[in-house]
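Pulled from Swiss-Prot:
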BINDING   His140, His189  Cu cation Z2 binding site
BINDING   His141, His452  Cu cation Z3 binding site
BINDING   Tyr272, Glu275, Met283, Asp289, Asn342  Ca(2+) 2 binding site
BINDING   His344, His400  Cu cation Z1 binding site
BINDING   Lys473, Glu488  Ca(2+) 1 binding site
BINDING   His513  Cu cation Z4 binding site
BINDING   His592, Cys627, Cys631, Met638  Cu cation A1 binding site
BINDING   Cys627, His629, Cys631, His635  Cu cation A2 binding site
REGION    1-21  region 'Disordered'
REGION    551-646  region 'COX2-like'
SIGNAL    1-52  signal peptide
Amino acid sequence: MMSKHPHSPSTPQDETPSVPGRRRFMNSAALAGLATVVACTDKGAPAGSAAATGVAATAEEHTVAGLHPKPGQLDTYYGLWSGGHTGDMRVMGMPSGREIHRIPMFVPDALVGWGITNESKKVMGTRPDGRLKYTVGDTHHVHASYKDGNYDGRYAWINDKINSRLGRVRLDYFICDKITELPNVQGFHGIFPDKRDPVDPQINYTTRVFCGGEFAIPLPNTAGIDDPAKYRSLFTCVDAESMEVRWQVLIDGNCDLVATSYDGKLAATNQYNTEMGAHYEDMMSAERDACLFFNVARIEAAVKAGRFKTIGDSKVPVVDGTHAANQDPKTALTAYVSVPKNPHGVNASPDQKYFICAGKLSPTATVIELARVLDWFDGKLAKIDDAIVAEVELGLGPLHTAFDGRGNAYTTLFLDSQIVKWNIDAAIRFHKGDKNAKYVVDRLDVHYQPGHLNASQSETVAADGKFLAVGCKFSKDRFLPVGPLHPENEQFIDISGDKMVLLQDHPIRSEPHDFIIFKRELLHPKQIYSLDDFPLATKDPKQSGVVRNGKKVTVRLTSQAPSYSLREFKLKKGDEVTLILTNLDKVEDLTHGFAIPKYDINFIVNPQETASVTFIADKPGVFWCYCTHFCHALHLEMRSRMIVEA
């Protein structure tokens, strides 16, 4: 049994004896696996209820299903999805679930030439010899910039967990324009932008991005490598505009996901390894972990006052956020709120009042009132745990929470394969002792084992409670079999009424994690570039040609469907060649490709875009450069001869 705590969880009131056979089987299998893990700690598995409330209504029975766009119609929402270990960001249309675009981020992409062109290599980062520094990535969490509590359409950010990088996407062109590698961090997992400045009321938009380091390491990572007790994690703040690291915080425990308050004063991360264990049994040994809060203004004041250190070769200021250094609330930089065992996920409610931590190994969600956290920092609250206003049971394996803007929360239950809809105010009343407060509103079976979820506009003050997307980690029998590797199952749900309605399944290539959904009118994408955006642009085909400077050769050419400005160009074996291509077409959707056989080169240029590649002409002969991206009825004739003389 879990040990008692002043905020011991309350139990749900909606148990019913009916559990569908498939989910009963999956519950049993999942619980058996959990029991094996928990047995390593000599502690029992947390109790909870997973009963379904009955068969869900079908999409055909529900009017909102008619909002699915017909051919030629546009979706009403954008969705930005992480790609997982494909290392990209994906753009979806909602509510159709149609994948519209993939934005290359941390790994090469042969279609667009990401990691091949000089421009993309500059963003990705290279070694001294010009090779890419990294060729793999693992994107988990995507979030966008804010103004006045809603998305402003400027930027989106996404993490790379493998190599601790933060990537930024310009939402006017849907391209990655900057990547920053975080110093002294491994397992960079959760991210979240701030929503306004904590001090200056005129700065009502995002200026910081907070990043959580999940894996503790020696600091620097060359000293004490055999002593896990000395490993530590860092919480990082990155400047939203320059993408430079502003500061870091040394903490006890680790970081998982990240949330920020709407007033800009607080950031937080849930912690599942306050034990700072190096083995998973140790990571589950404590009955309660923490939601760690950061007082942003105080941290930046400490940095400005010089109360920091640096680590290794990094020049980034690092302040002390450990328990020992933050005993006095009136000077503390951090506050550790106790939450049940191994939480997974912390989310900010759109009414700006609460952060909610889901329990994972506890069947509970913990509601933390932000005003009380600020009271503790001001010395007005006796104990930081008094900021907890509810801790209620939801079901087995709660992970992540979304909101509908009507006071309801939606939490994924991994072991139960369910979404539970619950009312926050009712949960608070129930926690205070009102046993008539029915906080569980509805349950819906999903297929199967849901991880992340998000609702339309959920993480803004404009949460509209229309659609919910759920990322199910296992698709099992939902799609045609294609061999051992299954797709993920993204399920879309109508949440506009009292009951949740499952609308559709979508197979998606492994392995997305988090995502956001927002109204399309918040974005104003440009579909044709400006020539002036590119310093290397060749603005007139007459400027095309070959310029030699010793062994270094520059080839300039333009493209206008269906031809390149140079029908052929000559090089000598051993030349270092920089080829610059400008697309002079001004027609939307008229993208050109450029491939050089046997030279491992392919890239595209969109209308009015310029891109370049550099390579060694090490193979003599004739090589037909051709357009790989269909652009004209004479597409196959769009070629140029590269002649390399021996």
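Glycine residues also receive a Cβ, built from the backbone N, Cα and C atoms like all the rest.
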CB-centroid shell, 8 A cutoff, Ca(2+) 2 site Tyr272, Glu275, Met283, Asp289, Asn342, site residues removed: Gly253, Asn254, Gln271, Asn273, Thr274, Gly277, Met284, Ala286, Lys341
Coarse DSSP state, helix versus strand versus coil, of His141 (Cu cation Z3 binding site): coil
Collapsed DSSP category at Met283 (Ca(2+) 2 binding site): helix
Tally of residues which DSSP labels helix, strand or coil - the region 'COX2-like' (551-646): 3 helix, 54 strand, 39 coil
Cα-proximity to His629 (Cu cation A2 binding site), 10 Å cut-off, over binding-site residues His140, Tyr272, Asn342, His592: His592
Chain-mates of Cys627, His629, Cys631, His635 with C-beta within 8 Å of site centroid, Cu cation A2: Ala561, Pro562, Thr591, His592, Gly593, Thr628, Phe630, His632, Met638
Other C-beta atoms that fall within 10 angstroms of the C-beta of Asn342 (Ca(2+) 2 binding site): 23
For Tyr272 (Ca(2+) 2 binding site), the number of other Cβ atoms found within 10 Å of its own Cβ: 23
Distance [Cα-Cα, Å, rounded] between His344 (Cu cation Z1 binding site) and Cys631 (Cu cation A1 binding site): 47
C-alpha spacing of Met638 (Cu cation A1 binding site) relative to Met283 (Ca(2+) 2 binding site), in angstrom: 60
Residues satisfying Cβ distance under 8 Å from His189 (Cu cation Z2 binding site), sequence separation of at least 6: His140, His141, Asn159, Lys161, Gly212, Gly213, Glu214, Cys255, Asp256, Leu257
His592 (Cu cation A1 binding site) versus Asp289 (Ca(2+) 2 binding site) - Cα distance in angstrom: 54
Least buried by Cβ count (within 10 Å) of the binding-site residues Met283, Cys627, Cys631, Met638: Met283
For Asp289 (Ca(2+) 2 binding site), the number of other Cβ atoms found within 10 Å of its own Cβ: 30
Mapped DSSP class for the residue listed as 'Cu cation Z4 binding site', helix or strand or coil: coil
